[in-house]
Amino acid sequence: MAQADIALIGLAVMGQNLILNMNDHGFVVCAFNRTVSKVDDFLANEAKGTKVVGAQSLKEMVSKLKKPRRIILLVKAGQAVDDFIEKLVPLLDTGDIIIDGGNSEYRDTTRRCRDLKAKGILFVGSGVSGGEEGARYGPSLMPGGNKEAWPHIKTIFQGIAAKVGTGEPCCDWVGDEGAGHFVKMVHNGIEYGDMQLICEAYHLMKDVLGMAQDEMAQAFEDWNKTELDSFLIEITANILKFQDTDGKHLLPKIRDSAGQKGTGKWTAISALEYGVPVTLIGEAVFARCLSSLKDERIQASKKLKGPQKFQFDGDKKSFLEDIRKALYASKIISYAQGFMLLRQAATEFGWTLNYGGIALMWRGGCIIRSVFLGKIKDAFDRNPELQNLLLDDFFKSAVENCQDSWRRAVSTGVQAGIPMPCFTTALSFYDGYRHEMLPASLIQAQRDYFGAHTYELLAKPGQFIHTNWTGHGGTVSSSSYNA
């Protein structure tokens with residue numbers, strides 16, 4: 001008999017926790033896993049005493065669902081998603097809903113949306129952020145796809161999502177086709193940027209100011225009471241304080257080689273593809289790549305010389321505040337770039353994205369959750385057509401207030417030989433964005449010189465001109481510009 005409100009396939013920890021979260025909010029969930037024994041284990045242990053039901057086959061699972069049937073896939077992105085869809089389609093009716101809650105590539109989601117729409121099935125690709133704890137007690141959810149599905153899943157999704165402010169859910173409809181997974185991808189890219197910025201602040205504290213672990217932990221705790229109030233700053237303080245079983249701090253013992261699952265890389269690739277200068281996320285990805293060359297770096301450290309022993313002789317408290325402001329200003333740049341990419345994607349794909357709503361979705365339940373995101377929502381509330389966060393009065397003033405400190409932190413770090421790829425690229429972007437004139441005129445002249453690619457004159461935009469730079473070349477009369 002149909003009794004379940006929704007089914008979930010994939011009983012890894014995230015799947016189990018999402019099921020328990022839905023159960024807590026009064027929804028009856030049917031659990032299924034490819035390895036069927038996992039269903040029995042889950043019902044006998046974690047789900048014991050709940051209303052969760054299990055199924056031993058996909059056919060049984062579908063038979064237990066109320067119509068329209070709602071099925072969440074929480075399996076490994078890629079082929080596994082397509083395999084389950086292929087098995088589910090013959091068992092479903094027109095108007096039934098399949099939701100992919102994994103870290104799928106947004107183009108795959110768009111393809112699945114179109115394929116399933118032709119078969120009468122409503123497909124949703126939803127970003128899910130917040131990790132295992134978020135899944136259990138309130139994630140950030142970013143659903144997109146076939147909007148006809150939204151009225152049938154809205155109550156469940158907004159019910160289980162994290163809440164902020166006066167109980168606003170960190171979940172709303174994002175947009176058509178792959179929009180939900182694109183927004184999740186950008187979220188993950190921003191997460192890479194936030195983490196790298198914090199690492200660079202930590203590096204300056206440790207190697208320029210010579211601060212001890214507990215001293216740095218206290219600084220991050222203090223910063224968490226300022227504009228930087230966020231989950232990542234909070235856990236950084238906890239990590240710095242944490243002691244191993246031998247009573248010594250754990251962090252200095254951890255191998256400095258950062259892993260990555262690839263979602264930050266996807267964001268950087270998309271930025272290149274759509275011609276958006278998302279420089280900070282790109283540098284954050286490359287910083288992880290460089291960190292992974294541990295053995296090479298050990299060899300290089302013995303052969304490549306940097307500045308002579310740097311001795312900081314300034315005011316320590318004042319420079320610590322410079323680092324904090326540099327971190328805040330760089331964070332603003334990172335989010336400005338992330339929203340530039342969202343805006344360009346919306347143009348490319350014809351999506352109508354609610355940028356303030358996206359900021360609210362990230363305000364709680366996810367890894368980048370912070371008070372700062374509320375300010376972004378406010379900016380888009382003031383001007384839904386805002387071209388760039390830096391042009392909003394609040395963020396313009398915030399960056400101006402940080403600018404002197406930002407430049408001091410970066411220049412001091414450079415003099416000390418500290419790698420700060422994200423601090424420096426953020427500052428370079430800011431300086432580039434605020435310059436009416438950039439030296440790209442020389443690039444255009446060079447391109448025309450060696451390849452007759454033509455250029456425009458400031459006084460005659462839209463007219464493409466070729467110059468015979470050497471006296472040996474020809475002329476270009478065509479106004480087509482394709483290089």
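Using N, Cα and C of the backbone, Cβ positions are placed for all residues, glycine too.
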Annotation match for N6-acetyllysine in Swiss-Prot, from K59, K163, K241, K294: K59
Listed as N6-acetyllysine by Swiss-Prot, one of K64, K303, K309: K309
Neighbours of K184 (active site, proton acceptor) among the recorded positions V75, N103, S129, R288, K309, H453 (Cα to Cα, within 10 Å): N103, S129
Listed recorded positions (N33, S57, N103, S129), ranked by Cβ neighbours within 10 Å, top entry: S129
Residue with minimal Cβ packing [other Cβ atoms within 10 Å] among the recorded positions K59, K309, H453: K309
Recorded positions compared (K38, H187, R288) - highest count of Cβ atoms within 10 Å: H187
Helix, strand or coil at H187 (substrate binding site) [DSSP, three-state]: helix
Cα-Cα distance, maximum over N103, S129, G130, G131, H187, N188, Y192, K261, R288, R447, H453, record's substrate binders, Å: 49
Inter-residue C-alpha distance, H453 (substrate binding site) and N33 (NADP(+) binding site) (nearest angstrom): 57
Closest of K38, S57, K59, K309 to G130 (substrate binding site), Cα positions, modified residues only: K38
